[in-house]
Amino acid sequence: MDAQTEPEVPPAPVSEEPFLGPLDIILLAVLIGGAAWYFLKSKKKDTQTSQFKSYSIQPTTVNTMTMAENSFIKKLKSSGRRLVVFYGSQTGTAEEFAGRLAKEGLRYQMKGMVADPEECDMEELLSLKDIDKSLAVFCLATYGEGDPTDNCMEFYDWIQNNDVDFSGLNYAVFGLGNKTYEHYNKVGIYVDKRLEELGANRVFELGLGDDDANIEDDFITWKDKFWPAVCDHFGIESSGEEVLMRQYRLLEQPETPTERLYTGEVARLHSLQTQRPPFDAKNPFLAPIKVNRELHKAGGRSCMHIEFDIEGSKMRYEAGDHLAMYPVNDQDLVLRLGKLCNADLDTIFSLINTDTDSSKKHPFPCPTTYRTALTHYLEITALPRTHILKELAEYCSEEKDKEFLRFMCSTNPEGKAKYQQWIQDSCRNIVHVLEDLPSCRPPLDHICELLPRLQPRYYSISSSSKLYPTTVHVTAVLVKYETTTGRVNHGVATTFLSQKHPLDGQPLPRVPIFIRKSQFRLPAKTETPVIMVGPGTGLAPFRGFIQERDFNRKDGKEVGQTILYFGCRKRSEDYIYEEELEDYVERGVMKLRTAFSRDQAHKVYVTHLLEEDMDLLWSVIGENKGHFYICGDAKNMATDVRNILLKVLQTKGNMSESEAIQYIKKMEAQKRYSADVWS
């Protein structure tokens with residue numbers, strides 16, 4: 001059982017146990033007849049009431065299936081399927097792609113099912129060959145610094161560390177990654193290669209999706225060649241045109257009592273009202289916000305310093321970990337979407353999977369209202385992928401609108417270019433699409449089926465638990481920008497947080513959070529020197545690191561050199577935590593190198609400072625075996641910094657280019673080179 005999975009029925013509280021045993025009751029019945037009868041009647045009523053209250057807060061969506069029920073082989077055999085699509089997903093995209101492949105399998109006589117490796121006995125893959133013309137497809141995202149996603153870790157470790165015989169297993173892999181990261185698509189590449197090494201038969205070439213470019217286009221391009229290869233391999237033919245089918249059926253439930261409705265809980269009903277640890281992704285802690293203050297002094301942009309109270313939650317964190325929070329969508333967008341779909345947002349409904357063998361009975365917790373689903377469960381600001389546009393086309397009353405949507409879903413270059421320009425470059429979400437295509441009016445329940453699930457947002461923790469054991473600090477820039485259509489788009493999470501201000505005399509605002517452990521860590525030995533490169537909000541985890549180094553120093557421990565490279569636009573506007581950093585410098589806690597890019601005629605960035613300090617860099621990472629950290633933009637800054645390090649190793653360390661590359665790889669393996677970056 002997973003750590004986050006709770007038993008269906010917990011032990012009853014002691015207060016609900018009968019005070020009198022059966023023997024006592026019988027004796028009382030003999031001695032005081034009528035009084036005993038009255039007592040028993042009252043007791044029975046109390047117990048029923050108590051049981052109802054207890055039941056009303058029990059989990060209803062947490063998966064508690066037995067291993068037998070979770071056998072994907074048995075499910076395939078019992079339902080006549082031959083295709084199983086596994087996903088390793090952190091943000092939902094890989095799971096979405098897996099669902100699309102499984103659904104399309106019907107066109108190719110390959111009835112399919114989607115499976116989560118975390119919920120399956122993956123050793124059953126050895127038996128898949130017993131099903132005639134069977135196929136396993138893996139849609140696997142690479143997370144962080146080349147890591148498998150949380151739900152894929154056990155499977156990844158298993159195939160890494162076991163020489164199993166996969167002969168007879170037919171497979172294909174589509175990887176999801178981001179080229180701005182150092183370990184682009186590492187997980188997909190490894191699994192594809194490893195399965196072949198273990199004797200499995202690759203049916204089609206590895207597909208690689210780049211989320212920095214157009215991962216939707218990458219997936220469609222791969223998929224459109226994948227299916228003909230599958231047909232050719234198994235000697236089957238396509239059944240013709242794609243048939244659009246609903247995965248979930250709508251059930252309106254107006255009689256559902258209020259206490260049985262989900263109101264934003266991730267999994268267990270009433271989990272936000274009746275909180276109990278352990279707290280994690282499926283059971284977040286409703287944390288009070290004690291502080292929410294502005295860090296920017298001017299300039300029109302906003303950067304928030306937010307402190308969450310975790311006292312009593314039993315949650316622990318270390319400097320370098322991430323805080324994850326579940327945001328809610330902007331109510332204006334929710335109302336606009338409801339109006340565009342001509343829906344009553346207070347309608348109570350459930351979406352029920354038409355595939356009775358699926359372990360995913362609902363796309364999100366049900367029953368609920370449309371208002372709750374759009375507010376808490378669906379990514380209504382996500383840019384719709386082509387499969388959504390294809391489904392929307394069916395609801396256009398004007399032929400030109402229908403053809404326009406179908407054109408953007410096509411695989412020809414002109415259609416792909418139009419999708420790039422009209423959806424991606426213009427940042428149109430589902431609300432914008434429906435506003436700009438007045439004849440497209442889909443039912444809201446279908447929109448709820450099509451949109452991806454609202455995901456938690458992750459922030460580098462900017463505090464040390466050594467100093468702040470009962471609070472967690474984060475540093476977040478408010479996301480707000482104007483699109484080419486003249487609309488102003490707002491970041492979901494930062495807009496939500498910007499409205500959460502503690503006010504005197506009022507209860508503190510609360511936000512559902514959990515802690516995600518990280519490998520981004522200070523060295524175990526405090527005397528080890530460290531270099532930290534963190535422009536902008538990349539400073540966040542290093543604030544925690546510096547706090548911890550200062551704490552150790554005050555505790556009498558020997559602390560090595562602590563060097564920070566920080567950059568922003570203007571000292572007078574966006575120099576965050578200026579007073580704190582200057583105080584650390586004055587007290588000799590650290591050395592600070594700052595770059596204010598717009599405070600002089602020519603731009604100065606942290607990379608310029610690093611190039612000036614090549615001797616210092618070599619002294620720390622080459623001669624004294626120090627640790628090097630980067631946090632911030634992956635696309636440009638992190639790549640540039642890595643290249644400067646390579647240059648340092650070659651010029652100051654007298655290494656060849658290949659030796660320098662190997663040196664950094666060795667540093668990574670030893671956790672002496674760490675990056676916490678985003679694109």
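Even glycines carry a Cβ here, placed using N, Cα and C.
Taken from TrEMBL, the feature FMN binding site applies to 89-94, 141-144, 176-185, D211. When other Cβ atoms within 10 Å of the Cβ of A141 (FMN binding site) are tallied across all protein chains shown, the result is 30.
In sequence order, M637, D640, V641, I644 make up the list of same-chain residues 6 or more apart from T607 (NADP(+) binding site) whose Cβ falls under 8 Å from its Cβ. According to TrEMBL, the feature NADP(+) binding site maps to R301, T537, S597, R598, K603, V604, Y605, V606, T607, D640.
Around the Cβ of Y459 (FAD binding site), a 10 Å sphere holds 23 further Cβ atoms from the protein chains shown. Annotated FAD binding site per TrEMBL: R457, Y458, Y459, S460, T475, A476, V477, Y481, G491, V492, A493, T494, W678, in sequence order.
According to DSSP, the secondary structure content of the domain 'Flavodoxin-like' (83-227) in residues is 65 helix, 35 strand, 45 coil. According to TrEMBL, the domain 'Flavodoxin-like' annotation covers 83-227.
According to TrEMBL, the feature domain 'FAD-binding FR-type' maps to 282-523. Confidence over the domain 'FAD-binding FR-type' (282-523), given as mean pLDDT on the 0 to 100 scale, stands at 96.
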For the binding-site residues R301, R457, K603, the one whose C-beta sees the most other C-beta atoms within 10 angstroms: R457
Taking residues R457, Y458, Y459, S460, T475, A476, V477, Y481, G491, V492, A493, T494, W678, which bind FAD in the record, the widest Cα spacing (Å, whole number): 23
CB contacts for G491 (FAD binding site) [other CB atoms within 10 A, all chains]: 19
Of the binding-site residues listed as G144, N178, Y181, the one whose CA lies nearest the CA of R457 (FAD binding site): G144
For NADP(+), whose listed binding residues are R301, T537, S597, R598, K603, V604, Y605, V606, T607, D640, the greatest C-alpha pairwise distance in Å: 26
Inter-residue Cα distance where the pair is Y605 (NADP(+) binding site) and S89 (FMN binding site), in Å: 35
